[in-house]
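Visitor: Dumping what Swiss-Prot says about this protein:
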- 13-35: transmembrane segment (TRANSMEM)
- 40-62: transmembrane segment (TRANSMEM)
- 93-115: transmembrane segment (TRANSMEM)
- 125-147: transmembrane segment (TRANSMEM)
- 159-181: transmembrane segment (TRANSMEM)
- 213-235: transmembrane segment (TRANSMEM)
- 262-284: transmembrane segment (TRANSMEM)
- 289-306: transmembrane segment (TRANSMEM)
- 318-340: transmembrane segment (TRANSMEM)
Amino acid sequence: MKNSENDYIQSLFQILPGLLTAFLVACLSKFLAIWLPSLGAATIAILLGIFLGNTFVRGANLNRGTKVAESKLLEFSVVLLGTTVTFQTIAQIGLQGVAFILIQMSLTIIFAYLIGKKLAFSDNMSLLMAGGNAVCGSSAIASIAPAIQADEEEKGQIITLVNLLGTVLMLTLPILSGILYGTNLLARSALIGGTLQSVGQVVASANMVNENAVQLAMLFKIMRIVLLVAVVYLFGRFKQSKTAESEAELVEVTKKSSALPWYVVGFFIACVFNSLIHFPVVISETAHFFSSWFEITALAAIGLRLDFKKFFQEGKRFLIYGLSVGTVQVVLAILLLALLQF
């Protein structure tokens, strides 16, 4: 009994330095967001984490805690997001908006996967890149990774790439949408909400347009989040089928049920309950508060764990992959918005 208690205390002390560091960066980001509202706390947390993690705040003693902050807090954030989403909310963007999101997500997944395979990335990394860009960035990657049995290195590399890509798009899409659509707020919001990776990036980017754009962009983003469960399930089945085919065990594998990660199931249950009974405002606001803090702390941890040296050691392939997927994703969105006459 004493040994288990000592192990627990020792484990806690190993986690605390990195976890507290990520939380302090999140607090500083929240404070700086007061003076830089156009960026937002989520964006600042990533950028500040990247800067500090590659300069002053470095050390192996932080790794375990930042890893917990990055993974576990994102998992809880996914569940809490479900309490702020309803199926009724989706109706506000209309059939036109639903069609845009469904086609945009499908094409993003297909092209991101094909580009990844063309550049000789593994199935896991190509699927993580596809899901992270199509759905909700790090949260989607955290949900998809266990379903396709991706390892920590694959997950970390793609989270880094997706967050870097999202940060670039977050700063450029408000300008691009203004040039293309002018005062057409719905089209600008659709481009931002239908393309950007994380919720924080959507809010930060839409804030650079105006407050109304935030509400509209989040409706498009919510639609993508609602489809997270379906994407995780389909990716898991796709990976199982490929594995089974390579091992000539397809029949045996298809008989086994695909267990979704607990936080994906939790998100779906919360979303259904909120759609049917509508959680009281105090519950939704409390959940949103904690979800926001969890996400910002996790984003700070992701930034702290982003090692530029390691990223550049991967070579030009990663840079080409990110730029290719980002370009295709934005071009597809622009073409779809034109075809659907937004």
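Backbone N, Cα and C define each Cβ position, glycine as well.
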Visitor: With Cβ-Cβ distances below 8 Å as the criterion, list the same-chain residues six or more beyond the ends of the transmembrane segment (318-340) that contact it, or say none.
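Guide: Same-chain residues near the transmembrane segment (318-340) but 6 or more away: 96, 99-100, 103-104, 107-108, 111-112, 115-116, 119, 121, 129, 133, 157, 161-162, 164-165, 168-169, 173, 176, 180, 187, 190-191, 194-195, 311.
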Visitor: How about long-range neighbours of the transmembrane segment (40-62): same chain, 6 or more residues beyond its ends, C-beta under 8 Å?
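Guide: Beyond its ends, the transmembrane segment (40-62) has Cβ neighbours at 14, 17-18, 21-22, 25-26, 28-30, 32-33, 163, 167, 170, 198-201, 203-204, 207, 292, 295-297, 299-308.
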Visitor: Counting CB pairs under 8 Å, which listed stretch among 13-35, 93-115, 159-181, 213-235 touches the transmembrane segment (289-306) the most?
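Guide: Checked against 13-35, 93-115, 159-181, 213-235; highest Cβ contact count belongs to 13-35.
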Visitor: May I ask for the residues of the chain that lie six or more residues beyond the transmembrane segment (159-181) and have a Cβ under 8 Å from a Cβ within it?
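Guide: Same-chain contacts beyond the ends: 43, 46-47, 70, 129, 132-133, 137-138, 141, 187-188, 191-192, 195-198, 201, 204-206, 208-209, 299, 302-303, 306, 311, 318, 321-323, 325-326, 330, 334.
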